[in-house]
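For reference, Swiss-Prot has these:
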BINDING   725, 726, 727, 728, 729, 730, 731, 732  ATP binding site
COMPBIAS  67-79  compositional bias 'Acidic residues'
REGION    44-80  region 'Disordered'
């Protein structure tokens, strides 16, 4: 920057420097300046005057004055605009050209809120304006619609806050179509060019503010084939996270399993084909899912195959391995079509860059992971609590020590789909073991991971053409940390999981990409991409030439300010810039009458007058043209850089997945090292042996007392344990901690115990508590029986079954009979590893009939009327439930408690010895 330019900058933000050299400024004024130089002339000029690298100077400006703010006309209420409450009620030919264009676009997206860019606002009209104003509590205004039309409803949001408002609309279950400006200056006599650039739906959003950082945002598509004759109900599902690039497909049977899978996935949006006349929400679709329907054509086999071939630029689909899952293939085709339709102006599609860069679809088979149905996930509180749906108090809350968003998502996926392969489990264990033993390495890795950005999603935004300059800088920062992470691992880990290879053998092009970003972008670029100030000097000769010309204009402005001070005799005169009024000369009210004749009054304020001169007005136009060319050139250079980064999205994501997995393992090691965990012995046996094990969540929630550990032994000699004990003694907690330890072991984590041997389970079943399902017309007892039936139909000898009461919601004899029969079937026929907590003490008799059944009880200490829960599990069955004592502790009135004791004593006198009636020796099993 020249001395005179610095002088002008100082005057814009304070007083004029007293040592200003008026003569040098005068020389500058007379110098001829051109703003019509060709690109080549500008390049040549930049070579003659090379620039020193520095952050480009932003255009000086002053805040908007309150009296210059545009005031919107506000309708008194909705009834002021009764005739035009819907866009279909108006004749498009009578509308203004802009509103006619709006209506044309709205007709293509009738089910979406259309946000139409007008200057600094995104506006809605007609029914969208009314809905927007009500949902977001915005002022409903009006806009002139045309001759014979009058005012039509209008509501809008500032463009810089559009993301926040769109997030709210999506949370209300709506989708949004964004119509943006495609040019900055319209052609002569034409409207500014605008078109739909993006469609935002719950499953397709990419903006950081619309996503939950520590969980995936799944978009799913499903194709079903109903049962016909001997053919079962079949379905194919494709689910993608467009923000991370993950793309999974699966194909299975059974409507109940589809419902379970969708409930487990917790997709943000589900797409399905719908024929005319079909119900909008099938019975297998969970109520909470955001459902979007499409035409059936994209889901047909030929169309889906064409879509996949075009999207991935392939000549054959053989390499994708989808031949054996045709329904999943069709679902994948429908999903990709939907993504294409929601990104109508995605950049560079013709050059082979996908609008939403997704990995090749990965087929997931039914036997790849431990099966956890929706009921088990709720009962074990894997990612949220059962009572109020909170994250705190869940298993993930207890064991998540990840430092990156991608690591947190990885750990969540691991917990939702534990491994079945003992080799893969041991590979994770090996890394965790080494990190636990090597504290310095663990802490060093955590220091490197802590500031790491979300490379997965950043790469996705770059690949889709949505990343800003700051996001590219964050990508460069993340890439620069990868070699240091790899170096730490190379030196420490002799054997590591295969997926860490993407980090250990880093793609050599990535460091070069980071260097390119650093070379071009300044370290802290502005949020806006259209106002310049993004790129370093010496990046592009044309940009340097334009900046040289702008510096010359700044020098002219500084000289003009000095000259006008001399001519006016006013040393306090200031030359300033206003984003609405442009450049002007500002003087106080007292000096306004003394200005030269060639000054033209531009604006009057309370304390000052603002003027322009013919020379200043002419020069203003030249500056605006130069500035527009410079900003446009910077944007072009930035888009080229973003495209360069987008082409490397796959490589970045591969490295990011490795970092995410490493972060998850480092976090598990931190939990193990600080939580007194042990490394479980994993094998393919049916045994589950836990010494002094603890509940991983409850022990962290206890503040005033320590958790009481207990032992567990199943699968060797004993397959079923009948667990009895008082109410509120900890039976349910004991069941859950067994299930959580089994799950953690199959994740590859250490477990809260002194010693553990864990045989791999194929499924974990839980039936803990029940509530009415009034919507489905089912009572508590029917819900309980349905859950029990599901367990009995699907459990195997390798399953872990955890039951907390069966048969409570019916008559005592009926309930006890059901509980006995279920327990007997699990132990004798299925031989599943089972713990059955019950208040039917008669079930203790089952151990006398079956050698693989044992009794355990939760101990209590009774002193007079006082009852102390010891929370210790010991061998042997309890003969009392202490329900009346528990009722007293809960605050039941004393007279009711005393009456309950009288009734209990009478019932004991009339007892008919139920165990004898239910003895297997006296009940014949009928074939």
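Cβ coordinates come from backbone N, Cα and C, glycine included.
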Around the recorded ATP site, report the further residues of that chain (criterion: Cβ within 8 Å of the mean position of the Cβ atoms of 725, 726, 727, 728, 729, 730, 731, 732; site residues excluded), sequence-ordered. 837, 858, 869
By the 10 Å Cβ-neighbour count, the most surrounded of the binding-site residues 725, 726, 730 is 725
The answer, for which of the binding-site residues 727, 729, 732 has its Cβ ringed by the most other Cβ atoms inside 10 Å, is 729
Note: in the chain of residue 731 (ATP binding site), residues six or more apart in sequence with C-beta under 8 angstroms of its C-beta are 723, 725, 804, 837, 858
Residues satisfying Cβ distance under 8 Å from residue 728 (ATP binding site), sequence separation of at least 6: 869, 886, 889
